[in-house]
Each structure stands twice: as C-alpha cells, then as structure tokens.
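*Asks:* Here it is, the structure in full.
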Amino acid sequence: MLSSAKHQRNHRLSATNKNQTLTKVSSISSSSPSSSSSSSSTSSSSPLPSQDSQAQKRSLVTMEEVWNDINLASIHHLNRHSPHPQHNHEPRFRGQNHHNQNPNSIFQDFLKGSLNQEPAPTSQTTGSAPNGDSTTVTVLYSSPFPPPATVLSLNSGAGFEFLDNQDPLVTSNSNLHTHHHLSNAHAFNTSFEALVPSSSFGKKRGQDSNEGSGNRRHKRMIKNRESAARSRARKQAYTNELELEVAHLQAENARLKRQQDQLKMAAAIQQPKKNTLQRSSTAPF
C-alpha cells in the first residue's frame, strides 16, 4: 500500500510538472502570433499601452528554460514509472498529425499540436498458463497504421538528434507479451517432458546406434569377403596361365630335341667313309 501511494504521488507530481511546461509552451505559441500582429498594427494605429507590453514581457519565457523544464520533467517521470529501468529512454516529442499541419506553422505550434494528442486506451487481459498460474497482461491499443513521427532529443541544449521512434509504453507492452509467450512455451515443454519419460528416448537412441553399427559391420565384412574372393580368383588365373605356359615350353623343347637328333643321324649317313692308315703290329723296342 505504501509503495502504491508513493507511486501515485510521484505520478501526480510529474503530471503537474508537465502541465506547467505545457502552459509555458502554449503561452509562447500564443504570444508569437500576437506579437507579429501587434507589429503590423503599429504602423497604421497608435502604440499599445505600456501595461499590456509589460504583461506580455512577463509572460515570455526563453527557449532554454522551456527545454530545461521539459527535460527534467520527462526524465523524472521515466525514472519513477518505467517498468524496465535498464532501458534508458530519452524524452521525446512525437508529432502524429504532421501530414495535416500547416507548412507555415512554427515550432511552438508543432509542440502544441503534439502535446494535445489523446492517450491510447488500455485494457487488461488475464490468461492462464498450463501450469495453473494466471498472468495479467496490459495491452495498449493504438491506431493500426500510425503516421511517421518526428523524434527529437531534449538532452542537448540547442542541437537535435534523431532517435528511434519507439514509445516506452509500447516497448514495455511488447516485453510483457514476450515474457508471457516464453512462459507458455516453457510450461508446454515441461508438461510434454512430464508425459513422455526421458528413458524411452535414450533406449531408442541406443537401439538405433547399435543397429546402425551392426549394419555397418556386416557390410564391411561382406566387402572384405568379396575382395578376398576376387584376389584369390586373380591368383588362381595367374597360376593357371603360368602352368599352361610351362607345359607349352616343355613340349616345344622336346620337339626341338627330337628334331636335332634326326638331323645328326641324317648327316652321319650322308658322310662317306674315310681311308685311314692303320698299324698292323708294333715292334718291341
């Protein structure tokens, strides 16, 4: 209860600061056209009273003061009420109806038009996870096709930088949706794992691996047997070829030997007998 009361009090303080800055900005925007009209009317009519000019000077505020007030109020509001403090969102202005703006409008009119936009309606939806926990999600409804917005940084004094056009509320809403979906997916996975025991998956995987290794071993054994049979067949064919060649050479050798013997016999028959001197007796000396 104390934290909620503190939260509401801080929210009211930030709202009052914003209202003060809005009044200052509107006074600037209203004073600029009035000053231009007064300058044009002085040429044709008499000058305005000194009291009105003094009141107008008192109502004028410098641009640097307006920037500082807006910057401080926005930073205070974001630091107090941001659901995700780790995301450092910078204060920004978003003009949503810049297509319909007058091209001759000034920067004060742009600020006035951007601050007059209506807040988007929110709704809370309660969903139940499979594990029985109920989750409340805040949904922010906006236009389906928002026009492009001009985003300016207020931390730099006179310069402007272009920032991402994400709204902190929309970012927090998307984070809530993501967390809700992740919790649902985790609950579904846990319920599925509870229904199906993990041991069956391990057994099936082990059986598949054993069957695969057995099939590979059988195929390898068949290939080895086939290669051994092919090598034996090649060796046997080579041996048979050598044996045939040896037999052929042996037969050829026998034929050549017979032919040589025949030639020798024919030569001996054809050669005539030679006359030779023979000693009849020997003398004993």
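Positions of Cβ are set from backbone N, Cα and C atoms, glycine also.
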*Asks:* Could you tell me which of the ranges 176-197, 242-263 is annotated in Swiss-Prot as region 'Leucine-zipper'?
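*Replies:* Of 176-197, 242-263, Swiss-Prot gives region 'Leucine-zipper' for 242-263.
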*Asks:* Return the count of C-beta atoms lying within 10 angstroms of the C-beta of THR282 (phosphothreonine), excluding that atom itself.
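*Replies:* A 10 Å sphere around the Cβ of THR282 (phosphothreonine) contains 6 other Cβ atoms.
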